[in-house]
Each structure stands twice: as C-alpha cells, then as structure tokens.
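Undergrad: Shown below is the structure under consideration.
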Amino acid sequence: MTTDTIVAQATAPGRGGVGIIRVSGPKANQVALEVTGKTLKPRYAEYLPFQAEDGTVLDQGIALYFPNPHSFTGEDVLELQGHGGPVVMDMLIKRILGIDGVRAARPGEFSERAFLNDKMDLTQAEAIADLIDASSEEAAKSALQSLQGQFSQRIQTLVESLIHLRIYVEAAIDFPEEEIDFLADGKVSGDLQAIIDNLDAVRKEANQGAIMREGMKVVIAGRPNAGKSSLLNALSGKESAIVTDIAGTTRDVLREHIHIDGMPLHIIDTAGLRDASDEVEKIGIERAWDEIAQADRVLFMVDGTTTDATDPKDIWPDFVDRLPNSIGMTVIRNKADQTGEEMGICHVNDPTLIRLSAKTGAGVDALRTHLKECMGFSGNTEGGFMARRRHLDALERAAQHLQIGQEQLEGYMAGEILAEELRITQQHLNEITGEFSSDDLLGRIFSSFCIGK
C-alpha cells in the first residue's frame, strides 16, 4: 500500500454532461468527508453537494466510495461524478489538492497502483490504454479480451508447463547416474515439443494482435505522374489527394488511416521521386525517402504506359539499391486499363507484381487482399487478444531459448544446459505479465497512459 493519495479527472478534458474525478489512497475517505460533509456508505451512490473549504457549494452530483481492497486500484477509492464543464472540474480538483497529503496523479498512476496491488497483471493494465485508443470495433474487442485476461492465461499456461518440465529435468540432473535415461525416455522431448508448439500458436495470435493495435505502414512511392495520389484516393475511398496531369503536384507527405477487414493501415502518399531543381520539391522528395525508410511495405508505382518492364531493377535500379533490404516491396503497374493488361496479382515472386487502374479502381481489391497477406493478417480476430511490440520481442526471445534447449537435448543430452534455457524462457514469459519486470520498464509503460487511468 502507498502512503500518499492521488487525484485526477477520469473523464476526458473538455465540456461534457458528466465529469468524473477519481481519488485513490489512504485519505480518500477523508476527502469524501471534507468535500461532501458526511461519511459515505461504501459502494453506495449518493447525490450530494460538493463543498469548498468554507462550505459554499462548488457543484452537486454523485459520490461513490470504494474501501480497499475491493476497488480498481486495491486502495480506498472515491469517485465524484459532477457536471462536465472544465471550470467545474478544475475547481473540484483544486479543492481536493488543498487537502493535506493529496497530490495530482501521474499519467497511468491509477492503473500502476492496480498492478502493484495485484488487481491486474501488466498485460491487463496495458489493455486499458489499448481499449481507450482502439481505432476500430475489432481492435476494441481484442483489447477487451486482453483486459479480461485471455493473453495472460495463455502465458500462464506456458509458464506452468515450463515449471513442470523444469522440475523433471532438474530432478534428472540431481541423479547423474540416471540422467541420460531420464532425458532419453521421450517424456522430456515430447513435453518440450508441446511447449514449443503452444508458444508458436501464441506468437501467431500475438502477431495478429500487434497488427490490430499498431497497423501497417504502407508508403506509395515512384516517379512523378505514376498515379500515386490516385491510388491513395482509391484505397481511402475519398479524394484525399489532388490529382492532376502536372508532374510534381504532390510535394509533401499525405497520410490516410484506413481499415481493411478490421486491419488498420497507415497509407502514405509521397512526392514523385526525381532530380528536382525546385527547393520545395526537393524537401518533399527527402521527406518521401524518410517515410520509405520507416515503412513496413513500399508500393512501387509504375506508369504501365511508359514501360513494359516488370522487374524493379529494370525499371529503376537506383531506387532498388537505395531501398533498405528489410522493407518489403510490391510493384504496382498502374494504368492497366489503358495498356490492356490483365488486372490483379500476376505472380507471387519477390517482389509481387500487381496490375491495376488507380483511376477506375479495377484491381485495387487484389491489392487490399495482398496487403493483408503481407502482414499475415487473417481477419478472424474473434476471441483474439491485443499485443504490443514488447510482447512480440519477449515471445521471440523465449522461442529462441527453447530452440537452443531442444538442440542441446537432442544433440548432446545436455540436461544442465536445457534446464538453464528453460529458466531463461520462463523469465522472458514472466516479463510479459509483469512478474519479472524492471522499474524502468514499468515507468515507460504507465507513463504513456492517460492521466486519470
């Protein structure tokens, strides 16, 4: 339990019908007494005036008191539900901050206290922020699944399996004369493979959850007048970019946030790439390259009426040479309605080639399907959970150590090395739920939350 009491507005700033102020800590009951003038009945809504120190009424509304440990934070919690005007909220917060021992909450501090008081684990705490930030119905459902503990349960199942296997392996190590027989009887190998398979399934679901949370950054790049802005408009379903026959119309970066079957995409249109003499256009081209360097995928736009080539190295070798190897590329042969080429995905080599008409929209559905496939997005997120980059990293490290352990078991019957790899694997999994997390990591996570959460 912490010794200080915190206060913050729990509802979004600005005007609204209702505004909620949340107080958590050992002085929550004292705050209730001083602001409402009475001792509140636990877990009971009372309509009361909210008073200044001199007894004048600042507002009136509903007061709710939740004594520890049966509250969101696990501490004594007070909620004041008043009128949602910013002036009223500010007056009430100033009134509460005037009470000795009460301070303003840091961003995410209520959720942090809930985590520290074992009211939720770290993935559930993160899911609160993800639920608030959800940009689609599918993302909200996934965040809610994580908040309800689905991701945590999957991790806990893995950890329990690891613990049982570690006990067996370490017992074998304690009896050196029988260690080889223990390790070679097939149980260890079978249990280890089952854990690896289970972890692979969790990683696949977590990758879907990360896509749902973070989206995919797709940059449309190419020479001027290749149809980049027309493709942005076709994908977004609206006239986001100005389209003309004049080369260099787009001089800055244009962004649109869209969804394809629930998968969030950040589509970025960039200035046409060429040797420009105009200073403004030069700046736009440099910004284009900056965006390309940060992309998950680049759509390399080609005007199909100017070349028959399909290999980007034949079309523009300098572009291919400058593109980072880690970034996937799809070649888009635009204006297929004018060249008479067959629309859609023409082959699935690297890079994939798609023929379409950004102007008419023909072939654009094939591109949408292709983008989902590039991210490994199935679209079947019912029951899925939300995941973050740190979760994927921890799962990846866990998988690597399991692989090392399996190699040591199968190749050398090295029980001690296997036991150590299992221990490290468990440590990485515990980082996800917060059972083993540094204070620095916790600080970074909760500081990104809203104040009042």
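Residue positions begin at 1 at the first shown residue.
Backbone N, Cα and C define each Cβ position, glycine as well.
What Swiss-Prot shows for this protein is this:
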BINDING   R22, E79, K119, K453  (6S)-5-formyl-5,6,7,8-tetrahydrofolate binding site
DOMAIN    215-376  domain 'TrmE-type G'
BINDING   N225, T244, I246, T249  K(+) binding site
BINDING   225-230, 244-250, 269-272, 334-337  GTP binding site
BINDING   S229, T250  Mg(2+) binding site
Undergrad: Among the binding-site residues R22, K119, K228, K335, which residue has the fewest other Cβ atoms within 10 Å of its own Cβ?
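TA: Sparsest of the binding-site residues R22, K119, K228, K335 by Cβ contacts within 10 Å: K119.
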Undergrad: By CA distance, which of the binding-site residues (R22, E79, K119) lies nearest to S229 (Mg(2+) binding site)?
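TA: Sorting the binding-site residues by distance from S229 (Mg(2+) binding site), the top entry is R22.
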Undergrad: How long is the line from the C-alpha of A271 (GTP binding site) to the C-alpha of N225 (K(+) binding site), rounded to the nearest angstrom?
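TA: Per the Cα atoms, A271 (GTP binding site) and N225 (K(+) binding site) stand 10 Å apart.
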Undergrad: For K119 ((6S)-5-formyl-5,6,7,8-tetrahydrofolate binding site) and K228 (GTP binding site), determine the Cα separation and express it in whole Å.
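TA: K119 ((6S)-5-formyl-5,6,7,8-tetrahydrofolate binding site) and K228 (GTP binding site) have their Cα atoms 50 Å apart.
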Undergrad: What is the interatomic distance between the Cα atoms of E79 ((6S)-5-formyl-5,6,7,8-tetrahydrofolate binding site) and K228 (GTP binding site), given in whole Å?
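TA: Cα-Cα distance, E79 ((6S)-5-formyl-5,6,7,8-tetrahydrofolate binding site) to K228 (GTP binding site): 52 Å.
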Undergrad: Please work out which residue of N225, S229 has the most C-beta neighbours within 10 angstroms of its C-beta, and give that one of the binding-site residues.
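TA: Result for the most crowded candidate: S229.
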Undergrad: Spatially, and counting Cα to Cα, which of the binding-site residues is closest to R22 ((6S)-5-formyl-5,6,7,8-tetrahydrofolate binding site)? Options: N225, K228, K335.
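TA: Given the candidates N225, K228, K335, the nearest one is K228.
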Undergrad: Measure from the CA atom of N225 (K(+) binding site) to the CA atom of K335 (GTP binding site) and give the result in Å, rounded to a whole number.
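TA: With the alpha carbons as reference points, the distance is 11 Å.
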Undergrad: Report, as a single number, how many Cβ atoms besides its own are within 10 Å of the Cβ of E79 ((6S)-5-formyl-5,6,7,8-tetrahydrofolate binding site).
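TA: Other Cβ atoms within 10 Å of E79 ((6S)-5-formyl-5,6,7,8-tetrahydrofolate binding site): 21.
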